[in-house]
Ligand SMILES: NC(=O)c1ccc[n+]([C@@H]2O[C@H](COP(=O)([O-])OP(=O)(O)OC[C@H]3O[C@@H](n4cnc5c(N)ncnc54)[C@H](O)[C@@H]3O)[C@@H](O)[C@H]2O)c1
């Protein structure tokens, strides 16, 4: 069993995802299909002090001209001001059409840097070196880039596909534990929505994964990337199947919004959201209660919450769901399941059913 994986994301904008322990400390031509000579390495104030120098030195010794741009860590940096600052760095280095942005960080850095790459001279190349588990299994794959504006999260953005994604699971050792757990919520989501075998494997490997055992961790990341790659390839612009990746997200976003994005983090909110979606599926479609219980047990093994915090009023959460971009004029749209590994879209769900699914048992 190896800890190195290579996944091809097909389609018009095909690229490879390489997963290899130590990869960020030994970037090779095989992982790096970039001809550009000018690189802008974008990172944040938590990640750059630990990893940027190694990455920058390697790229410089390979003959690239590398500038470094560091943003303040955190979601509040995924904004217009940071976007402008990245653009100014590109201007200051005299970035040409063949320049490339390298995103070294979590989803915030990846989304922001990718959006800057999408806009500079109508689109230059970019490479993702994701450092959070969420970025490895979700945000770095699939080409969604963007920033938040005061009117809402991710409202300004573009589809812009990376030229390559290089994942080094060893960097997860420095990721704060709560962020790590949040990433595992997304990992579990893949099994829950589309792969019962993977879900069962996660149940058997929970301790190894919590300890970041290298072979199991790389395998879990690879399985998620493969599943996301397959879904994105079939539906690059989210017109159908890609929506399944939002399992748990309608409830989750409402929780995050109700706490003004200052309470539970995204992964924690999605964990609760998946349990609510499973409950909704039980009452509406007779989905098996045992499958929800397995989901709750697995989430708990990764120290993730499974119940809506008592102080949050379900009626207020419902109001937030109505504002979510996944709501349409036919009523609320949810990703439900018929059991582990069998998610599907359900539309026109009545408010009373949604409220019931959010009630404590
Ligand atoms: N583009 C997409 O398809 C997509 C999908 C899901 C989420 N997202 C976006 O991703 C963002 C969330 O991503 P995130 O959870 O990675 O958040 P993040 O980028 O804020 O990273 C979380 C925290 O961990 C730190 N960090 C990251 N890697 C580290 C490491 N190896 N060692 C030490 N610290 C490290 C960061 O500095 C930050 O403080 C949100 O803005 C969300 O909208 C995008």
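Glycine too: its Cβ is placed from the backbone N, Cα and C atoms.
Annotations in TrEMBL come from automatic prediction, not curation.
TrEMBL annotates 249, 266 as Zn(2+)-binding residues; of 170, 186, 347, 356, the candidate listed for that same site is 186. Proximity of the binding-site residues (107, 111, 186, 249) to ligand 1: a Cβ under 6 Å from the molecule is found for 107, 111. Sequence-distant neighbours of residue 111 (NAD(+) binding site) (same chain, 6+ apart, CB under 8 A from its CB) are 78, 139, 144, 145, 146, 147, 154, 157. Calculated from their C-alpha atoms, the gap between residue 153 (NAD(+) binding site) and residue 266 (Zn(2+) binding site) amounts to 12 Å. Same-chain neighbours of the Zn(2+) site beyond 186, 249, 266, judged by a C-beta within 8 angstroms of the site's C-beta center, are, in sequence order, 134, 138, 182, 185, 189, 248, 252, 267, 269, 270, 273. It is 13 Å from the Cα atom of residue 132 (NAD(+) binding site) to that of residue 266 (Zn(2+) binding site). In the three-state DSSP scheme, residue 132 (NAD(+) binding site) falls into the coil class.
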